[in-house]
Amino acid sequence: MPFSCHCDTPRCSGPRMKSCLLDSFPVLSWLPRYSIRENCLGDLISGISVGIMQLPQGMAYALLASVPPVIGLYSSFYPVLIYFIFGTSKHISVGTYAVMSVMVGGVTDRLAPDSNFMVWDNETNSTKVDDVARDEERIKVAAAVTFLSGLFQILLGLVQFGFVVTYLSEPLVRGYTTGAAIHVIVSQLKYTFGITPQRHSGPLSLIYLCYLIPQTNIGTLVVSIVAIVGLILAKELNTYLSKKLPVPIPVELLVIIATLVSWQVNLEEKYGVEVVGIIPSGLKPPVVPDTSLFGQVVGDAFALAVVGYGIAISLGRIFALKYGYKVDSNQELIALGLSNSIGGFFQCFAISCSMSRTMVQESTGGKTQVAGALSAVVILFIVLWIGALFEELPKAVLAAIIYVNLHGMMKQFMDVPALWRSNKIDMVIWLATFLFTLVLNPDLGLAAAIAFSMLTVIFRTQLPKYSLLGQVQDTDIYRPLEDYSRVNPVPGILIFRSSATLYFANAEMYQDALGEKFGVDITKILSAKKKLEAKKKRNEMKNAKKAKNAAKKNAIDMLSETKVFILSPADREKTFNFDMLFEEQNAIHVILPPFQTEEPEREEHCDLAVIEMHMDPHPSYPRAIILDLSPVNFLDTVGVKTLRNNYPSNPFPSVFPVYLPTVFHFPGLLYFAFSASLSLYAPLCLSFSIAAVVDNLQTGGFFNDKVTKSCLFSTIHDAVLYCHAKLFPGEVHPSVNL
């Protein structure tokens with residue numbers, strides 16, 4: 001585990017200490033082996049290209065985070081250097097990301113709204129926003145939530161919690177990023193139209209913005225349209241010439257052209273076009289984040305930690321698989337956590353991995369983390385020396401850059417028809433996640449989406465498919481009868497399978513489905529069984545108190561071991577001898593409503609019922625049932641109890657029988673015809689998870705001196721052969737030699 005060294009002796013050995021150091025600082029393992037001849041040129045071109053992209057994206061995404069544009073440049077520098085030291089992915093471009101920025105912007109707008117910084121302007125005799133004080137407070141909020149999200153990521157990495165990303169399925173992530181993209185677009189409309197709305201967040205603010213359209217600044221709108229069209233044409237040209245150009249045209253250089261035009265035409269003063277404003281040169285000293293804000297941003301920080309990690313590790317694994325190396329998920333958590341937490345000291349906002357920059361870094365020849373470090377050097381050069389040249393850059397151009405960069409996310413709407421054809425449950429998850437993210441804030445939307453995704457898993461296990469299996473002729477293969485035409489049922493044996501594990505959420509349905517396939521209502525039988533047992537216990541207590549004679553006591557003791565007394569229809573008219581009831585060792589005692597009679601000798605036993613029985617079972621009912629538990633990977637106490645309730649103890653030590661009654665209803669009487677023995681099948685030696693099922697049965701009290709592990713079989717075919725041998729002694733099953 002990173003940042004820890006576990007040794008068998010009090011002092012760590014040299015090799016163990018070296019291994020711990022290399023795990024904690026991956027740069028020490030790959031940088032000494034860096035091949036300048038093979039990697040230097042590609043990393044140099046890639047680093048410069050990505051650095052140029054970082055310039056407009058950093059400033060644009062700072063607007064999403066509701067902080068000054070220069071903070072976006074800081075966020076494109078410090079975290080990238082930290083990831084260079086601690087990260088394990090060679091190709092992803094760490095830095096500002098639209099979804100993360102809009103999540104941070106939601107926090108800063110909530111805790112530092114414009115309404116808290118209204119001051120009186122004596123020149124205009126009206127109130128206005130104190131931009132300086134507001135921006136300072138928003139920087140504090142962004143730094144606090146970023147620092148806390150970094151701490152969450154570090155803690156999750158130290159406890160090996162990298163698997164948390166498995167709960168973010170691809171449909172969920174794509175639906176979430178699409179919903180977040182809508183938030184991003186809506187948040188940038190004010191820069192596109194040049195309007196100044198009051199604080200309204202979420203997609204519903206679009207309705208409010210519609211009322212402000214008459215106040216649109218025409219100059220700003222023209223700049224936005226020209227910038228969007230220019231960016232789209234440049235990207236299409238890149239696509240068209242991608243096979244002919246060694247390096248893509250840096251579309252982001254449009255900001256230089258836009259800045260020059262804005263400076264020459266003086267767009268701000270003549271046409272009221274809002275520009276970036278002052279960009280201070282140099283780096284600022286570190287500042288400890290405001291801990292008083294932690295309590296207000298803890299939920300947002302955790303959401304940022306999970307989303308940022310999920311996006312980064314997803315892209316990292318894609319490129320690791322493509323180029324044949326491994327990405328350590330827990331080390332990635334720590335690397336991102338250190339990038340965010342250290343960045344919080346330098347007034348950065350939360351970062352992750354950008355798809356567009358990553359694709360450029362990979363396509364321009366980037367092969368190692370050196371490309372990311374070089375992009376940070378480009379940003380450092382801009383911040384130190386030429387940042388002030390971009391002060392006249394219109395914010396509308398930055399908004400246009402955001403729109404064009406989101407076109408990939410907008411294409412994700414095509415997932416819906418594709419998922420409809422392939423997996424409708426995944427389509428529902430995609431749509432639900434999109435709607436949750438759209439209606440709620442991105443952080444609450446993510447939590448709701450994860451909960452909904454988990455519920456779909458629960459529902460699918462709660463409503464599994466129940467099947468009867470048959471045998472493929474002359475093979476030991478068993479498949480569902482309803483799905484295959486060349487599968488035949490095994491004579492006298494019913495093979496039952498559930499497609500999901502057996503636990504509390506579906507135990508009752510499992511029992512009902514088994515009864516439905518077999519043709520009886522097991523729930524009613526179990527209910528009757530409990531009533532019989534309760535009445536039997538009351539009778540035993542009553543007879544024990546009477547204790548009239550030793551013969552009756554012996555009879556009662558024998559009754560406690562009896563199940564059902566079988567009386568054939570031919571005996572119905574004969575005089576009923578209750579002494580025979582207690583002498584019959586193999587009788588089964590069933591207590592039904594009291595048997596009424598006028599004969600004095602029966603009054604002593606008026607709490608017993610006479611049951612008429614058909615001794616031969618109906619030929620259409622199976623004489624044995626095999627339960628295929630191969631899909632079951634665990635059993636809780638309810639699942640074990642369900643199996644145990646259905647299967648009483650065995651009067652035959654060599655067989656595990658389950659007496660399943662066939663129920664017939666006739667006026668005034670209830671007939672029970674019992675089948676032969678029933679075997680339980682559960683794979684025992686296939687995998688560890690199956691062994692865990694046997695342990696669940698053991699600890700749940702399923703086995704006893706009569707129901708032993710001898711009822712378990714490694715294959716369905718073994719169980720079929722065993723049941724066939726018990727049901728048809730002397731006969732050889734046709735597939736016995738398979």
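Cβ atoms here come from the backbone N, Cα and C positions, even for glycine.
All TrEMBL annotations are machine predictions without curation.
Taken from TrEMBL, the feature coiled coil covers 527-561.
Per TrEMBL, the feature domain 'STAS' maps to 483-643.
Annotation comment: TrEMBL describes 59-86 (among others) as transmembrane segment. Beyond its flanks by at least six residues, the transmembrane segment (59-86) meets 24-27, 94-98, 101-102, 104-105, 108-109, 112, 135, 138-139, 142, 184, 187-188, 191, 276-277, 279-280, 283-284, 331, 334-336, 338-340, 342-343, 346-349, 351, 369-370, 372-373, 375-376, 379-380, 382-383, 387, 390, 393, 395, 398-399, 401-402 of its own chain at Cβ-Cβ distances under 8 Å.
The transmembrane segment annotation in TrEMBL covers 141-168 (among others). Beyond the transmembrane segment (141-168), the same-chain residues lying 6 or more positions past its ends with a Cβ under 8 Å from any Cβ of the stretch are 1-4, 65-67, 71, 104, 107-108, 111-112, 287, 289-291, 293-294, 297-298, 300-302, 304-306, 308-310, 313-314, 328-334, 336-345, 347-350, 450, 453-454.
According to TrEMBL, the feature transmembrane segment maps to 206-233 (among others).
Annotated transmembrane segment per TrEMBL: 245-265 (among others), in sequence order.
What TrEMBL records for 301-321 (among others) is transmembrane segment. Sequence-distant contacts of the transmembrane segment (301-321) (same chain, six or more residues past either end, CB-CB distance under 8 Å): 88-92, 94, 97, 99-100, 103-104, 145-146, 148-153, 156, 162, 164-165, 168, 170, 173, 176-177, 294, 327, 329, 332-333, 336-337, 340, 350-353, 355, 358, 362, 442-443, 446-447.
Within the same chain, residues 2-3, 62, 65, 67, 71-72, 74-75, 78-80, 82-83, 86-88, 94-97, 99-101, 103-104, 139, 142-158, 161-162, 283-284, 286-289, 304-305, 307-309, 311-312 sit at least 6 positions outside the transmembrane segment (333-352) and bring their C-beta atoms closer than 8 Å to a C-beta of that stretch. Taken from TrEMBL, the feature transmembrane segment applies to 333-352 (among others).
Residues or ranges marked as transmembrane segment in TrEMBL: 372-390 (among others).
The annotation transmembrane segment is assigned in TrEMBL to 434-459 (among others).
Cβ atoms under 8 Å from those of the transmembrane segment (372-390) belong to residues 43-44, 46-48, 50-52, 54-55, 58-59, 70, 73-74, 76-77, 80-81, 83-84, 87, 93-95, 255, 259, 276, 279-283, 361 of the same chain, restricted to positions at least 6 beyond its ends.
Beyond the transmembrane segment (245-265), the same-chain residues lying 6 or more positions past its ends with a Cβ under 8 Å from any Cβ of the stretch are 45, 49, 52-53, 55-57, 223, 227, 230-231, 234-235, 237-238, 271, 273, 275, 360, 363-364, 389-390, 392-394, 397-398, 401.
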